[in-house]
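K.L.:
Sending over a structure as structure tokens; questions will come in a sec.
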Amino acid sequence: MRPSLEPQVTSVAGNDIVGKGAILQEDPAMTEGGTVWRKLDYHILPLMAMYFFLSFLDRTNVGNARVAGLQKDLGMSNKQYSIALTVTYVPYIVFQLPSNLILKAVGPNLLLPTMLTLWGVVTVLQGVVKSYSGFLACRFFLGLLEGGLFPGLVLYLSYFYPRYMMNTRVTAFFSSASLSGAFSGILAYGIIHMDGVGNRPGWSWIFILEGLFTFLFGVFSFFLFPRSVDNSRFLSPAEKEYIKEKLLEDCDHKEEEGFSWSEVVEALRLPQLWFMCIAFFLSATTLFGLAYFSPSIIQGLGYTAADTQLMSVPPYAVACVVALIASFVSDRYRCRGIVCVVSVLLCAIGFAIFLGSESNQIQYGSLFFSVTGACMAAPTQATWNANNASPQTRRATVIAVGFVFSNGGGILATWLLGGSLSPAPRYTEATITLLVFSLLAALMCGLNMFYLRMQNGKKAERRKTMSREDEKPGIGNHSSWYIYNL
């Protein structure tokens with residue numbers, strides 16, 4: 001029988017409740033189905049969503065700029081274009097683990113807005129470059145400044161929400177990536193008509209205007225970030241205590257005395273991390289391939305440059321809605337693994353349809369499967385990975401390493417679809433590769449479910465012969481009372 005995740009409380013005289021040594025005043029906000037979590041949602045999730053929206057928009061709007069003439073105006077070959085995208089990922093990958101390890105010390109309220117503000121400046125500079133070398137430099141610094149964002153946001157949310165509430169929240173802000181895929185098409189359609197304004201081509205205005213907004217929002221957001229539950233001015237003292245009790249009960253969420261390399265090493269020894277890292281790499285190749293090249297794929301189906309921007313909108317709009325529904329199911333029934341498997345199988349269906357059809361309309365329709373599957377898989381896999389590691393340094397390491405492998409998939413995607421390995425417009429070799437990757441990702445997620453279920457069974461047997469007081473404190477996810485999320 002699954003142990004309850006509700007806090008163990010005892011009613012006493014009046015309207016007080018007692019929970020693990022703390023006496024809290026009963027508050028409607030803290031009853032089951034109350035408003036304390038919604039209060040967090042209203043204050044934190046819109047900010048997270050905007051951050052990730054701008055991250056994905058500023059990293060992938062190069063695909064829209066390419067269709068609008070970027071590659072031709074800078075004299076780039078297909079190989080050089082792929083090199084430019086690859087250069088983005090090198091510092092992006094390198095910075096992810098260090099960023100997550102220092103986020104707690106520096107404070108997310110300082111680190112994350114600083115990153116956003118600076119990469120807004122770099123995005124603007126992409127719109128004024130005159131040479132390929134200048135474009136390469138911009139892509140390098142864009143990757144360096146964006147590298148810690150996604151793992152940092154996932155880690156940050158784990159400071160506020162119990163594990164069983166995480167997927168809906170991660171998907172809520174990740175769905176902004178789907179919206180950015182849709183919105184960037186609409187925005188690019190309008191902006192490219194500024195061609196010639198200020199003696200600049202339309203593609204340069206895509207970078208300038210979007211980067212300027214990012215910079216301004218980054219400056220503004222310095223005043224919006226709460227560092228932790230204790231620093232959240234919108235929460236009452238009783239609400240803060242309630243949230244901390246829930247976090248403590250859910251995953252032994254205790255403050256660590258300080259950074260420890262032993263926790264980093266312990267994270268790297270977790271088998272569930274490596275099952276997920278392989279799945280991350282396979283799924284991310286699909287996600288970033290579609291994010292960067294869906295405009296080029298759609299243009300290859302016979303649409304004009306302007307119409308291509310608009311036709312890239314519907315698949316991402318549908319993906320956003322479906323991903324949110326899937327995250328609700330994942331949290332409600334605590335079935336991360338099943339949702340992961342279904343999502344990558346949707347990708348496989350989409351690639352199979354694209355590969356097997358000669359009709360442009362059917363090939364376009366296949367994007368609704370592959371884009372939706374990719375946008376479902378990424379947040380659920382990220383949440384599942386974060387859910388099964390504790391304490392904080394171990395979790396931070398697991399999250400960052402997972403995203404390192406994800407962005408390794410991004411590097412592969414830039415060459416798989418952007419170079420001569422798989423020529424447009426059919427992308428046959430790339431489609432076959434992504435189809436196989438999707439099936440392998442389903443296998444990895446299935447193996448991870450099997451392993452975690454087996455470990456939960458062993459923990460259940462240990463709980464029959466010992467009490468929690470008999471167990472060594474501070475062992476995190478190795479505790480017999482830490483139930484792995486399936």
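In case you wondered, yes, glycine gets a Cβ from its N, Cα and C as well.
The model shown is predicted, which means the values in this text are computed figures rather than measured ones.
This is the feature table in TrEMBL:
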DOMAIN    44-456  domain 'Major facilitator superfamily (MFS) profile'
TRANSMEM  40-57  transmembrane segment
TRANSMEM  81-103  transmembrane segment
TRANSMEM  110-128  transmembrane segment
TRANSMEM  140-161  transmembrane segment
TRANSMEM  173-192  transmembrane segment
TRANSMEM  204-225  transmembrane segment
TRANSMEM  273-293  transmembrane segment
TRANSMEM  313-330  transmembrane segment
TRANSMEM  337-356  transmembrane segment
TRANSMEM  362-384  transmembrane segment
TRANSMEM  396-418  transmembrane segment
TRANSMEM  430-452  transmembrane segment
K.L.:
Below 8 Å between Cβ atoms, which of the listed ranges 173-192, 273-293, 337-356, 396-418 makes the most pairs with the transmembrane segment (362-384)?
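P.N.:
If we count Cβ pairs closer than 8 Å to the transmembrane segment (362-384), 337-356 scores highest.
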K.L.:
Do the transmembrane segment (430-452) and the transmembrane segment (140-161) share at least 3 Cβ pairs closer than 8 Å, excluding pairs fewer than 6 residues apart in sequence?
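P.N.:
No; fewer than 3 Cβ pairs under 8 Å.
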K.L.:
Contact between the transmembrane segment (40-57) and the transmembrane segment (110-128) is defined here as three or more C-beta pairs under 8 Å separated by at least 6 residues; is that satisfied?
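P.N.:
In contact, yes.
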K.L.:
Counting Cβ pairs under 8 Å that are 6 or more apart in sequence, does the total for the transmembrane segment (337-356) and the transmembrane segment (396-418) reach three or more?
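P.N.:
The transmembrane segment (396-418) and the transmembrane segment (337-356): touching, no.
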K.L.:
Please check if the transmembrane segment (396-418) comes into contact with the transmembrane segment (273-293), where contact means 3 or more CB pairs closer than 8 Å and the residues in each pair are separated by 6 or more positions.
P.N.:
yes
K.L.:
Applying the under-8 angstroms CB criterion, which one of 40-57, 140-161, 173-192, 273-293, 313-330 scores highest with the transmembrane segment (81-103)?
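P.N.:
Answer is 140-161, with the largest number of Cβ pairs below 8 Å.
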K.L.:
Let me spell it out: take the transmembrane segment (273-293), skip the flanking residues so only those 6+ beyond its ends count, and list any with a Cβ under 8 Å from a Cβ in it.
P.N.:
56, 60, 62-63, 85, 177, 181, 267, 340, 344, 347, 367, 370-371, 373-375, 377-378, 381, 384-385, 389, 398, 401-410, 412-414, 416-418, 430, 433-434, 437-438, 440-441, 444-445, 447-448, 451
K.L.:
Can you give the mean pLDDT for the domain 'Major facilitator superfamily (MFS) profile' (44-456), rounded to a whole number?
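P.N.:
Here the predicted model's pLDDT, averaged over the domain 'Major facilitator superfamily (MFS) profile' (44-456), is 88.
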